[in-house]
Amino acid sequence: MIRSVADRVLDDLIFPARSNVLLTTLQIYQLTMTPELETFIRALSRMLCWSGSFYPQPLGNWERKSTLGLSIDLCAINPLGFVSYAIYTSAFLYSPVIRSQYAVRHPASIEPTVRFNDFAFAAHAVVLSSIVYTHFWPSIWGFYVGSSQRISRSMALIWWACVLAPVVVVGIVLSQSPDGGYDASSWAWIDVIYSFSYIKLLVTIVKYMPQVYLNYKHKSTSGWKIGTCLFDMAGGVLSMAQLVLDASLQGDWSGITGNPVKLLLGNVSIFFDAIFCIQHYLLYRKSSGPKETPEPSEQTPLLVEQGNAETRV
């Protein structure tokens, strides 16, 4: 202990400049790192991580000139989820009606925890996820698409249910609200916007299932880029941290329940990313790729009938 203290004293005497630089850096950090700046940095980091997760897959498809090993169900429903999330975030950011109704329902924390970076991420995600889906159209990109890579009936049913759900909620609001949806204490327009958030949550839950099964079926993660999962997992962790920090700064933890989609999206993403990492790094790390398998039948289990793509040599 004495030697350690002596060494540090001698070190400061011999290298005073280094010691002063470290002290100055800490002082600057203490003066500039306000809670608001910290939450901004976390939000920016989360957006960059989640946005970065959209690039490994299209780049991988381009490199292979093929979509084999990638679930078309995932790619077909993914844009719908992000369109819903873009509608949800833009409404909470720019709609006076939605913001006022949120304030009525959350009087202790009248400011929504949705941030501009949430909307920017959603808009970016709509573009990138749509591009990946078009990779299954050989007429556009010329990529090889397996003959069995078709959207499953179960996923098509979920897709249409998600499209029709907000229409149903609009009908409920118009029929149940005493003033056409403006009274926040009853069915209101904010409930329509919340329906878009739950669509995004449902899409996030179901979209990964076909890919998990496809990897299991082939005993391989070939065609599915693990970089997507690593970026996504980092974004999920930072999303949770940002949500908690925002609620803490506002002094009202109901801000977390007032933004359920962000809370649950982070948890769901981390859960599936962990599964993909286990498949890639532990279960199938020595596998060379998907094997040639028969065409799927209509009796294939829910969300998994696609994925038995033929391998081209």
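Residue positions begin at 1 at the first shown residue.
The backbone N, Cα and C atoms fix where each Cβ goes, and this holds for glycine too.
What TrEMBL says about a protein is an automatic prediction, not a curated fact.
Feature annotation from TrEMBL assigns region 'Disordered' to 289-313. Summarising the annotation, TrEMBL assigns transmembrane segment to 68-88, 121-144, 156-174, 186-206, 226-244, 264-284.
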Region pair the transmembrane segment (264-284) / the transmembrane segment (186-206), three or more CB pairs under 8 Å: yes
Any contact, the transmembrane segment (121-144) to the transmembrane segment (156-174), with at least 3 Cβ pairs under 8 A: no
Beyond the flanks of the transmembrane segment (68-88) by 6 or more, those residues with Cβ under 8 Å of it: 57, 61, 114, 118-119, 122-123, 125-126, 129-130, 132-133, 135-136, 144, 146, 149-152, 155, 158-159, 162-163, 193-194, 196-197, 199-200, 203-204, 206-208, 210-211, 214, 218, 220-224, 261, 289-290, 303, 306-307, 309-312
